[in-house]
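A.B. asks: This is the feature table in TrEMBL:
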type	residues	note
DOMAIN	48-386	domain 'UDP-N-acetylglucosamine 2-epimerase'
BINDING	R489, T501, D529, E578, H581, E600	N-acyl-D-mannosamine binding site
ACT_SITE	D529	active site
BINDING	H581, C591, C593, C598	Zn(2+) binding site
Amino acid sequence: MQRGKERMERTKTEDESQRKLRVCVATCNRADYSKLAPIMFGIKNHPDEFDLEVVVLGSHLIDDYGNTFRMIEQDDFDIGSKLHTIVRGEDEAAMVESVGLALVKLPDVLQRLRPDILVVHGDRFDALALATAAALMNIRILHLEGGEVSGTIDDSIRHAISKLAHYHACCTRMAEQHLIAMCEDHSRILLAGCPSYDKLLSINHRDDYVDTIKSWLGDTVHERDYIVALQHPVTTDIQQSVKIYGLMLDALLSFNKKTLILFPNIDAGSKEMVRVMRRKGIEQHPNFRAVKHIPFEQFIQLLEHAGCMIGNSSCGVREAGAFGTPVINLGTRQTGRETGENVLHVRDADTHNKIYHALELQFGKRYPCSKIYGDGNAVPRILKFLQAIDLDEPLQKTFCFPPVKDPISQDIDHILETQSALAIDLGGTNLRVAIVSMRGKIVKKYTQPNPKNFEGRMQLILQMCADAMRDAVCLNCRILGVGVSTGGRVNPQEGLVLHSTKLIQEWSSVDLRTPISDALHLPVWVDNDGNCAALAERKFGHGKGVENFVTVITGTGIGGGIIHHNELVHGSTFCAAELGHIMVSLEGPECSCGSRGCIEAYASGMALQKEAKRLHDEDLLMVEGMDMKLTEPITAAHLINAARLGNYKADAVLKKASTALGVGIVNILHIVNPTLVILSGILASYYQAPVQHVISERALVSTQNIKVVNSELEEPALLGAASMVLDYATRRKY
């Protein structure tokens, strides 16, 4: 009796070890069959290890969608059950009723088949019914392509199926991380790749693609000279989907290329899209071939050799990447998916012109092939994963909560729109606002006299900015932020003007950032005009790529900025780079700051104007050859002109000014030791040579070879204000 008992136990153990895994694969439509078919073939090729049962439901069994169950039969699969589960209507209510009908019919089938595991794909409402029925009947579920993000109601359905499923075969590393973040057990997740890539990569580069193109599009169509279009409804915004579909068709009509257009899927809104297609005469148009179904092998060849694909099908962001086929993804249906370089998103597809422009950008291009979604070995991994499932293992899940990063994709708006800044320059005489592009081009400039009081000035700033913002839309400029250049001492961290120059009245203790930001809803940067000139040189001028340099502004006053180790020097009380107030004489002329002997008191435009007036009052300015009207105001230019014509008095004044400026710059060289000095402002061209001479005579030997150059920037204050925005504003993300 003991030996007999041992024999029976041994026989039972051998039977269990030899028991085949009973796998049920359920397919709902043409798209998911392309992913499931490779797995079905793999299971069928291992009859000693698996029993395959096939269940067909959904749009496979509908005449209008090509009765695609026949291609399953043509692939020599025995279909165990055909379930008519679609309630016609193609609206939201019909989708719900279809799920309910499937839930009514599925229990009998699953009870009869009694699979060990049910394989479900993707994010269709039919698949949700399958997963719900299997989970409630304690049938293990393997979910394919979970963890992806594509937008619309599909995301909710996909994630709901993932929560019902016991095992997961995902396509990408990011999808795997999403599943982990959704609390799925890492040990039950397989990073397999997409099964369709196994067939896709194996049939790539077939020689019969020319025959395939001709059979679907005609004998005159060549590779890369046609478009594949496939647009599905977005069930969470059907009206917008239909609008985008119409705009896409208009753009394709205008683009005038042969187009293979597939009918949309059976989701709510598809009827309206088909009506739009027929209203525009697409089915009769000579440039279009409208079809309901194409066998996967042929569709892949057509996709590989197309000049472009347009629409919102997942194959555009998945399979097309393996060929480098350019893709235009319209709307929000696939915006969360990982993509290769070949995908250009037109999320806000609100105009025919925007879609047409995207076609111009993409058509005929070729991109690097991408294997984000698979390497051609998904099926062997999935079969091995199935073989490793322990049927005695409990169904209960365990959970964990790691962080996940969101993907970032390219967007058409970043190509069509010029990223730009709004720049404000507060001068003593004029208030200027400009739209400045990323490359430093002043797209449009506005100038008004600077009001004398605070209220008038702030009101004018906001009004000019509002005008510029409106114009920016027409000029196709995306404003990233606002940069403000102003005279005086500025706290850039808080956006405050602490103390202003005498030229700008009522301009101390002023918060510029808050009112501008509140009015325009944009980030705002504020800095001193001298610092802005240095920033402009760093981004657009001679300072580009130079780690240490000094900019000296020689205009009405003397100012500047210091760049040290690629950073602007502000100082502990925001008083660094007050270069005009470096003292070069203990008993020099009085400066506007109240001290004596400052560079500004010798070399600024105001100082030279003062000396020119003095000489003019003493009848010592005019020389032969000078042409000056009696009513013309005396300026520094007259002094320079007189010196050039031989006026030794004017020449002496200018030599003293040049020496003072040169000595001041020598002091700068000895303190911060830059590699370059850039002179900016209206007097820069005159001072450049004399200052270089003073440096060669008076500076330490180690600094005598430092170059002094003239700025080539026409608007350093505006460009510097813009550079604060363009360097620090983050790119707008959709």
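All positions are counted from 1 along the displayed chain.
Quick reminder: no glycine exception, Cβ is built from N, Cα and C everywhere.
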A.B. asks: Among C591, C593, C598, these being the binding-site residues, pick the one whose CA is nearest to that of T501 (N-acyl-D-mannosamine binding site).
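C.D. replies: Out of the listed candidates, the nearest Cα belongs to C593.
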A.B. asks: Measuring Cα to Cα, how many Å separate C593 (Zn(2+) binding site) from H581 (N-acyl-D-mannosamine binding site)?
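C.D. replies: Each residue's Cα considered, C593 (Zn(2+) binding site) and H581 (N-acyl-D-mannosamine binding site) end up 8 Å apart.
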A.B. asks: Given the model, what does the mean pLDDT over the domain 'UDP-N-acetylglucosamine 2-epimerase' (48-386) come out as?
C.D. replies: 89
A.B. asks: Using C-alpha atoms only, work out the spacing between E600 (N-acyl-D-mannosamine binding site) and C591 (Zn(2+) binding site) and round it to an integer in Å.
C.D. replies: 7
A.B. asks: To see if you understand the setup: which same-chain residues, six or more apart in sequence, place their Cβ under 8 Å from that of E578 (N-acyl-D-mannosamine binding site)?
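C.D. replies: Once residues fewer than 6 apart are set aside, E578 (N-acyl-D-mannosamine binding site) is near G530, G559.
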A.B. asks: What count of other C-beta atoms do you get within 10 angstroms of the C-beta of R489 (N-acyl-D-mannosamine binding site), across all chains shown?
C.D. replies: 18
A.B. asks: Consider the binding-site residues R489, D529, H581 and say which one has the Cα lying nearest the Cα of C591 (Zn(2+) binding site).
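C.D. replies: Closest by Cα: H581.
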A.B. asks: These are the binding-site residues: C591, C593, C598. Which one scores highest on other Cβ atoms within 10 Å?
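C.D. replies: It comes out as C598.
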